[in-house]
């Protein structure tokens, strides 16, 4: 315990020191500060100890004695609350607080403390403090506001006032406690009277600190103007309690200083939690107020809400409930909308929100909430009809208390938690437990009402699972199998199969269309029936696990469909066989053919009619109206009816677009398949009239013709191979032994060979070279199945590009275009981004005859404050310098100057160029002006300079001087009108005149002094002299010299002797601007210099010309929230993190300084430091150190960056609201600043208006735990709260209490906090949860608990690695108007938003990822949304219709594992529930992506695994079944189909190479070639080439290229694409192909999908070899080596007539894949080829490989632990069987190679293969001898060494003798190794698969050592080339250039980064 006290003493001293630094200005403010921040939650929850300690901190400097009194009282309170210090952290807190008190006492001068006088001293201080801070004025102001309903703008400094009130409250609380022991006749009586007065009056002191979120509903706040808004007052009035409502019992307490309302009744009746009631009260008030604001702001003194607004809210909130009742055919709780009054509607809306707000995890069950609401609404209806309010029976507990949470929510939660516990942390099969969807779908049947009300605890719904017994699924079972792909998308596979069959039949009939061909083609009938039967069989099979609990109707449908399709397939097949018999018998009787046609016709007509009625938009309503039982039965059979998925059809125009899109794709695909798929055809010579085929089954010949190959060209080779005579196999053939006669075009094969299915059956039956035929057809079939995705990619790229061009994307793609079109920006901005109310403040806008220049100036006036704020934000973000800011800013254009003033960067150097033109002018004035006007901005500059000089001179001089100015300008204007300017002026003297005026303005821009005044007067006189005597013509000069008035003043010395120094702002701005106009010589092309600033300005200005909805006034816009889930990622980089260096000496700060050098210089300029300032100097100043931390954090993927970006929404709304000037008596607007944005952020009305429309909630799930353990993340989040007053943080708080039995009980609370005026966390709401909210996936559960704190009609979901920009935030209200625009049959439910990936400049990998992601989030989603209408929610930053989604299950799904990709399920759910998802590209949000290869691989692995789980999900099944045929294709190929095609691409490589290996091993290639004597090229050349094109990503790169062309231009696009290729992007994309394939396939086979934390830091460190090996060994390296083995086998044993060239051409792409998969992690690894790093990596890898595992040893430290972890995915018997089947392929190598040895000769007996196993076992035994553990006695060790030595010599001798005396050759030895390696790997795989059996046999240790040896061998194969290349220093240099080329192209010093900031000293 002594150590604890000592540690705490040190901690307290450090805390105090930090506090002293903070108060002295040397530290930055942190919250919570000092010991107040350490108050345990168990104390802080029930007392105000933290507030008292904060007050003590605040008044420490003012009165240390009072501070000491407060601390001592806080200690006493803590002691009284927890005397035994049982609470968590209480003992440490007390100890620390006591130490603080001792420190305070130590500061005294040793005087005695009379604690008896503490109360008197405290009372005196309270009185002084109250007088000094004018508390009475605060009270009077509040009373005036309450009485008048208005708000005063004179109450500035309200944060300081809040702090004052907080201190007074703390003083009052302590005085109240101390007064109990005070003199009752003295100070005690005074304190008692003061307390009585405070409690009896409604003063700010008793209310102002009451926690509230947005609207202070408890009482009006004098610091928040939102309560003054008429719509808010009307909404509060609408829910107010009236006499018509039941009487509330007297015991009901009304919290706060407010009137009773509807929520008080609901709280009393149903027992809702108080904070839930407070939360939803505000939610309902804001919802009603915002609905009213869209209809119009109430103008009455007592505002009222329109009935229309209430109806709108009512119908939207209860829309899902209404549909649910209609689906179940249940009566609503109200008779009709007209039958219930507005109060009842508001009661029902409020009740629904209260149920939802307290439902916790039950919120994921929207129909369950409907069920609860249905019954509670009935109870409420009964209570409202009575005069007295009584508790609802359903929520009443036995002791007469009422609790909705305990009685309704908790039983459901308990069952949910019990089922969730069965998933074994995601490892159990999905079919073993009920997920959220299973629980929710219970309420999709009328049987759900059997649950009763109150709910029966013994119902099947609330049945808890037993240990070994499943409770049963609902309507779907997620069995883990690839068969789901066929079941969900059977229409797709049937269509592709039938088309392939039809094309093959036509090809086998030589393309002739006759009656025989038609009859053959009609074989698609049986095929169609059989495939439908397969699908119905899968329905029956995959429903296992739900038969006991599923609805009877659903089971009946499965059975009916099974028998229907079974019988129909048998009948159709039978009839068709009879048709074939008729044809074969040459009979004229066609009876069966007619029957067959009739059956097919009737069946096809029925299917067509049903498809039209159910899927065709024009007929769908007809099917809805039809209630005929016959029709409904067939409709039910055709399409199962769910609550979701009904009405999944689009409008006719949208449908036809989708049809046209896919018709084009199908046409291209099938033409390609039939003719072009195999690329080329060659004319085939005959020998003796017989066709021959060479060893590779290739067409051969010498004469190229124009005929093309596809299915058609493979027909003849198939026939030829079948006709070939018997050939000799090189091995013991087990398959193709049977031989039959040659088959021609006559006989039985004449008709059966034309049918693909029967052909395959024939081959299997007769076994004639079946595997040879399979090796020919398999790659073609595989490509046929996947190439449709290539055609989709191509067409979508074309259409996406055209749509992008039509929407005007990429019109402004360079800063030069920004300059050229800047003149048109104000008009476009005003048209699209300015509300009508702001435009109406300019009366001239409505006059059609107004002058265009006036209109342009008006537009510029409106545009300027917005543009300047954008430029200001760029400066604050350090993208531009102060000078660039001045040049980019646009004048306000509110002055009297008659023309538009443009930014200086457009006009810079234009005056000088104009003077040059004037000097060269030899022509007329018109010619000169024509040349000037060729550059419109030069003309603007000349005019502005001319008029500005006039105004400036006119303002400077008086009397005769002013007359001179007027005379000069009058003469010049007359000359201009007469066209004689070149005569009037001596243009050669212009430079001298302008030099004089430049000198004058240079003086005037400085503050006035006597010296400057004299100098300015002289400068004016010099201007006068230069103009009069040099510039003007002689005649005019003479007139002025003889002007008596002027001559007299000049002679008397009065002319320009005194000037009026510019004093008004307009003149000052004119002088400064003119000076810059005359002196700035920068080229506009260089402003701004920063590429990111350019990109942002280019996109923003381009978006002004796109199709954007009109902007509503802020008061009428759609309100929205932004919602960010956060767990434990980086919030803000700490000072130590900035300085810590990696192994190369690179710190994060150093890295960023080199990556962003211009931004670093701008940062130093912003904080007032010069560029030579070092890091250490910045750390010395706390303010600069904090700014440095933010500067670094704003360039990473941090929460701080996200918060800053999202708070731009509030800033934009405040600016827009301020400039719209909605006057409510809050702000004192004046005409002078009518168009200025100055001080808009301090406008109380604008702040309130923004808060009414915008809310930002960050859901920091473990923030409470972080605060408890004082994690730096908690302090950083608190700092963000301080800096952003509108930011709200929600988190889960865990309250632990100990029971008498010693158990720890946990209570969970969902809390919302904000920063109070002291910077500490102020708890707003605390809602108790039924238990741990994390039952499913973490992120959606995190979102779910906090979504109750969001507000508005929309919610934008934002990840914590995103960013936003002020200029984009200005367009948010336009985007939200899309919810009310026409986007088809249904209004949008999700608005898709474009993303910009801001991490693309870090490295080449980051650039690849950025381009790939940008292509998807722009062009791809553009096409998905329109015309395909299948865009889903792929992640943030989409904008959700909040009401739509929170009433339908939320913005994500959370079931464990199956919903690992939680975002896309929100899109599925929205689509299934008749939502509409759109995409909009005129607004963008920043997005960070992974920048290192390992990060990217983990991310892609997570996404691929998530897609694997999607295959199993019910959402994908229902969409695949219920979407129309063409949208189903779109949906498949843009979701799971993309990964299926990716996997097929890799499988094609395996199919091709295993086919080649079969031909090589069997000797068929050589045998056929020897028999035929023909050589040449074949179809398979083209098959492989097509595979190569797919593999390298040429086709998938097309959308990326199209995006480049659209947004960068053609030349830049070509350059970018070539650059990417030179940076080996093909290697990266091929590597990613393997990543996606591995994780997608493994997930479907075995599961194991999980969230993979990628880390979002700056990747500049070298990744160790062992780390890469662990991550990629099984996903890439093993597969690459397998492909390499196949290629080696092919080159060793295959017959290639073309030699090496032929081999290279055929296998080039496969070798490229091998190299990419093996070496990409090292090619893209920083310093991957640096020799020192290579040596260190080898040491680390060998240490890891040889380190023994054990309990608690992680895989990153030991090979054995990692090896065990790699086997965890094999859990089930099904998985083991599948792994066993897959592992058998490795035995092919040994089986084939043993027959190729010289030793075996031509012997093909099976005994040869058996003997090879004897050799293998011998090798294993020898290995065992050498690896046997020697942990025995010394004698045994000696014996083992002797045995090993003898064995070694014997082995060598045996090999030598075999080589000498047998046919065994050295090549055979290497071949044997080649055979043994795959066999050994197969044995290891099988041993791992059946681990328990192997372990029981005692062989597990041996297997592990074998596996270690294999990993060592694989590692050495990969490591050797790396080590070799590391010898050459230039390789490392080249690699650095390769990785960081983007940085190099921008002049960055990556070489310096990689070398480090210090010398690399070898110790």
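Just so you know, the numbers here start at 1 and follow the chain as drawn.
Positions of Cβ are set from backbone N, Cα and C atoms, glycine also.
The domain '1,3-beta-glucan synthase component FKS1-like' annotation in TrEMBL covers 343-456. Residue counts for the domain '1,3-beta-glucan synthase component FKS1-like' (343-456) under DSSP (helix as H, G, I; strand as E, B; rest coil) come to 79 helix, 3 strand, 32 coil.
Annotated transmembrane segment per TrEMBL: 492-509 (among others), in sequence order.
Marked as transmembrane segment by TrEMBL: 521-546 (among others). Long-range neighbours of the transmembrane segment (521-546) within the same chain, counting only residues 6 or more positions beyond its ends whose Cβ lies under 8 Å from a Cβ of the stretch, are 431, 470, 472-477, 479, 481, 483-484, 486-487, 490, 493-494, 497-498, 501-502, 505-506, 555, 558-559, 561-562, 564-566, 568-569, 572-573, 576, 579, 596-597, 599-600, 755, 757-758.
Away from its own ends, the transmembrane segment (558-579) comes close to residues 519, 522-523, 525-526, 529-530, 532-533, 535-537, 539-540, 543, 592-593, 595-596, 599-600, 603, 637 of its chain (Cβ-Cβ under 8 Å, at least six residues beyond either end). Sequence annotations record features per position, and here TrEMBL assigns transmembrane segment to 558-579 (among others).
Per TrEMBL, transmembrane segment is recorded for 655-676 (among others).
Among the features that TrEMBL reports, transmembrane segment is placed at 748-766 (among others).
TrEMBL lists 1531-1553 (among others) with the feature transmembrane segment. Residues 485, 489, 492, 778-779, 782-783, 785-786, 788-789, 792, 1420, 1424, 1428, 1430, 1432, 1464, 1504, 1507-1508, 1510-1511, 1516, 1519-1520, 1523, 1580, 1583-1584, 1587, 1590-1591, 1633-1634, 1636-1637, 1640-1641, 1679, 1683, 1686-1687, 1690, 1709-1710, 1713 of the same chain lie 6+ residues outside the transmembrane segment (1531-1553) yet bring a C-beta within less than 8 angstroms of a C-beta in it.
For 1677-1696 (among others), the entry in TrEMBL reads transmembrane segment. Residues 695-696, 1546, 1549-1550, 1553-1554, 1556-1557, 1559-1561, 1565-1566, 1569, 1634, 1638, 1669, 1702-1703, 1706-1707, 1710-1711, 1713-1714, 1717-1718, 1786, 1789, 1792-1793, 1796, 1871, 1874, 1877-1878, 1881, 1914, 1917-1918 of the same chain lie 6+ residues outside the transmembrane segment (1677-1696) yet bring a C-beta within less than 8 angstroms of a C-beta in it.
Here TrEMBL flags 1702-1724 (among others) as transmembrane segment. Proximity of distant same-chain residues to the transmembrane segment (1702-1724), defined by a Cβ-Cβ separation under 8 Å and at least 6 residues beyond the stretch ends, is recorded for 696, 1404-1405, 1493-1494, 1549, 1552-1553, 1581, 1584-1585, 1587-1588, 1591-1592, 1624, 1626-1628, 1630-1631, 1634, 1663, 1665, 1668, 1671-1672, 1676-1677, 1679-1681, 1683-1684, 1686-1687, 1690-1691, 1694, 1696, 1918, 1921-1922, 1935, 1938-1939.
If you look up TrEMBL, you'll see 1806-1826 (among others) marked as transmembrane segment. When Cβ-Cβ distances below 8 Å are used as the criterion, the transmembrane segment (1806-1826) is approached by residues 732, 1790-1791, 1794-1795, 1800, 1840, 1843-1844, 1847, 1851, 1872, 1875-1876, 1879-1880, 1902, 1906, 1909 of the same chain, each at least six residues removed from its ends.
The transmembrane segment feature in TrEMBL is assigned to 1838-1863 (among others).
For 1869-1890 (among others), the entry in TrEMBL reads transmembrane segment.
TrEMBL lists 1910-1931 (among others) with the feature transmembrane segment.
For the transmembrane segment (655-676), the residues of the chain that approach it from at least six positions outside its boundaries are 499-500, 503, 506-507, 616-617, 649, 708-712, 784, 787-788, 791-792, 795, 799, 1426-1429, 1524, 1526-1527, 1529-1530, judged by C-beta separation under 8 angstroms.
Long-range contacts of the transmembrane segment (1910-1931) within its own chain (CB-CB distance under 8 A, at least 6 residues past either end) are made by residues 1665, 1669, 1673, 1677-1678, 1681, 1718-1719, 1722, 1728-1731, 1733-1734, 1737-1738, 1741, 1745, 1759, 1763, 1880-1881, 1884.
If you take every residue in the domain '1,3-beta-glucan synthase component FKS1-like' (343-456) and average the pLDDT, you get 91.
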